[in-house]
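Feature list (source: TrEMBL):
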{"type": "COMPBIAS", "residues": "542-552", "note": "compositional bias 'Polar residues'"}
{"type": "REGION", "residues": "523-590", "note": "region 'Disordered'"}
{"type": "TRANSMEM", "residues": "55-78", "note": "transmembrane segment"}
{"type": "TRANSMEM", "residues": "99-118", "note": "transmembrane segment"}
{"type": "TRANSMEM", "residues": "138-159", "note": "transmembrane segment"}
{"type": "TRANSMEM", "residues": "166-188", "note": "transmembrane segment"}
{"type": "TRANSMEM", "residues": "200-223", "note": "transmembrane segment"}
{"type": "TRANSMEM", "residues": "244-265", "note": "transmembrane segment"}
{"type": "TRANSMEM", "residues": "294-320", "note": "transmembrane segment"}
{"type": "TRANSMEM", "residues": "341-361", "note": "transmembrane segment"}
{"type": "TRANSMEM", "residues": "367-390", "note": "transmembrane segment"}
{"type": "TRANSMEM", "residues": "402-427", "note": "transmembrane segment"}
{"type": "TRANSMEM", "residues": "433-451", "note": "transmembrane segment"}
Amino acid sequence: MPAVKVAPLGRGFLRQLSNLRGPNTHQHSSFDMWALGITIVIGGQYFSWNRGLVAGTLSCGMSMVITGLAYLCLTLSMSEMTSMLPFAGGAYGLARCTLGFYVGFLMGCCEAIEYIMYVTCSVVQLGRMLTTKWPELVMWQFGVWFVTYVLACGGLLVGGRVFWRWNAFLALTSIGILMVFCIGLAGQVDLEANAGGRDYLVIGGAMEFMKSFPLSAWFFVGIEALNTMSNEVHDPKVTIPRGQIVCMLTLLVTAASVFVVTIGLPPGMPAVSTELMPLNAGFVMLFDVTAKTATLLSIPATFATIQGFILAYANIVTALASSKLLPHVLHRSWNGCGAPLYAIVGGSVLSFGLCFVDYYVDHLDGIMFNVCMLFASIAYTAQCIGYIYLKRKYTRFDRGFQSPFGVAGAIVSMLVWIFTMISIVGFQDDHEVSLIVATSIVVVLTLYYHCVAKYRQTFSEDERRVLFPVHVAILNSTPQTHRVLRGHTVSERMVMNFNPSLQKLMFIPTTLHLSTIRSATSIHAPGSKGDEERELPPLSGPAQNGTSSSFRRSGDGNSGCSREPTPPIIRAPTEWDLQLSSRRGSTDPE
């Protein structure tokens, strides 16, 4: 089948919304992605994970190993997808391609809500840390939260080189403290004396294991958020997979080290399972300080986690708003640095409001965490399904990285997330409140989609640039497309294949170039036969006037190469295509 040459985009066309581009631009590297992954995740290794020890040291250790394996497989699969389709919408973009528009909307919202709730939990936890050291701040908890949000959002709005240097500082500081903790106290670890022995290996049997299983996610949750950075970094197909994989391996090492050292130090089991800050006992021994002062050593990592998750949900909200699935104003940038001010502030206001609910309602921490992990598991499962679908169906898409575990790794990861959902739905002592809250949110999102978003949604600039090849390939491989729509161009097929409520998705007033940022490439549409294998001729019509020639010139370049006919350019369907297809449909004999 002949390849279709795709013209590279011009510089002006490549400007994408970015919330980290300050006046001083920064040349991103894999180290920046590693540092960002550390700042997002590392806070969870300082606190909260120790509550899983109520099921016993062996049960908690097994949960950590199983969850770590699931996150490793997920990270490798998502790195492969990013090397092929670097879309900043996270699970939303992949699900919208492979599982449909409605499911894609739900996945994007679930992931954004997950991150918003994680920020709420972390901010409340930070307030508790500060009041432990300075009890007089108890009356000013709300002020502590507000200042935390202002500082975190302010760093994102400054953007550019300043943000990335600040992020690297937070990452190195947070992981440096953990390294000092683990290495400095390694000689004092006594598992036989402090880990509780056989009596504390397994507590409560299978029921307690299932109940505490989701808590092991604190060690790794957030590593998947690096996939939302595709619009922020240079060469995301290479930079993000490298940084993400190294970051995941780093987190596996630190998680195992923190777990072993913590349970091996006095006071040991079972006291450590109920500590607010499980590392404090080690810091007291290492630095000879009070427990209140030792709490301050956990603040940098906690703040880093807050800022990292704010960035993640801002990127997802921006992607949803760019497709008009959320109010379009949320994608607007701040003139000073190009930051999506409304997405950052809107998500932070919602998270700040949840802080009050969390603070005043007893036991809400556990419910919010369960809802977060339920949404996270759903999003992870959708990503695994999307990976398996694209891996098996579209092997011809170029991939800069391939997961060594392939489809088997995605299946293993998916099974763990299904197991996590079962543990949340059926084994938590919350009278199914977590399930009711999550279901209520999904119902509200469903009503909003079918009543509002469904009739306004469109393809954002980023989707047309990155994901449109997948939409074309999926439509070309659909049996109905071959049987009913044979003889029409790809543009006409796409317009005719959508139901009337979704046809306006394809009314795109510009020429679409299926392209990577840096160079031209060749894309095959798998599954095409007969008339569909022919080269696509340029469409004519009022919607394309003045666009084709300029982009053709940018694709040819003046590099002195031999002159060849300009390759055909795949165009996104427009209203002209709909009119053309309607005329053909009315003139074709039945």
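Using N, Cα and C of the backbone, Cβ positions are placed for all residues, glycine too.
By number of Cβ pairs under 8 Å, the transmembrane segment (200-223) is matched best by 244-265 from the list 138-159, 244-265, 294-320.
The stretch from 55-78, 166-188, 244-265, 367-390, 402-427 with the most CB pairs below 8 A to the transmembrane segment (294-320) is 166-188. Here the transmembrane segment (433-451) has Cβ contacts under 8 Å with residues 102, 105-106, 109-110, 113, 325, 367, 370-371, 374-375, 424-425 of the same chain, all six or more residues outside its ends.
Among the stretches 138-159, 166-188, 341-361, 402-427, the one making the largest number of Cβ pairs under 8 Å with the transmembrane segment (55-78) is 402-427.
When each of 99-118, 166-188, 244-265, 367-390 is scored by its Cβ pairs under 8 Å to the transmembrane segment (402-427), the top-ranked stretch turns out to be 367-390. By number of Cβ pairs under 8 Å, the transmembrane segment (99-118) is matched best by 367-390 from the list 166-188, 244-265, 367-390. When Cβ-Cβ distances below 8 Å are used as the criterion, the transmembrane segment (244-265) is approached by residues 30, 33-34, 37-38, 41-42, 45, 49-50, 53, 57, 60-61, 64, 68, 71-72, 75-76, 78-79, 82, 175, 178-179, 181-182, 185-186, 188-191, 194-196, 219-220, 223, 226-227, 272, 278-279, 281-282, 285 of the same chain, each at least six residues removed from its ends.
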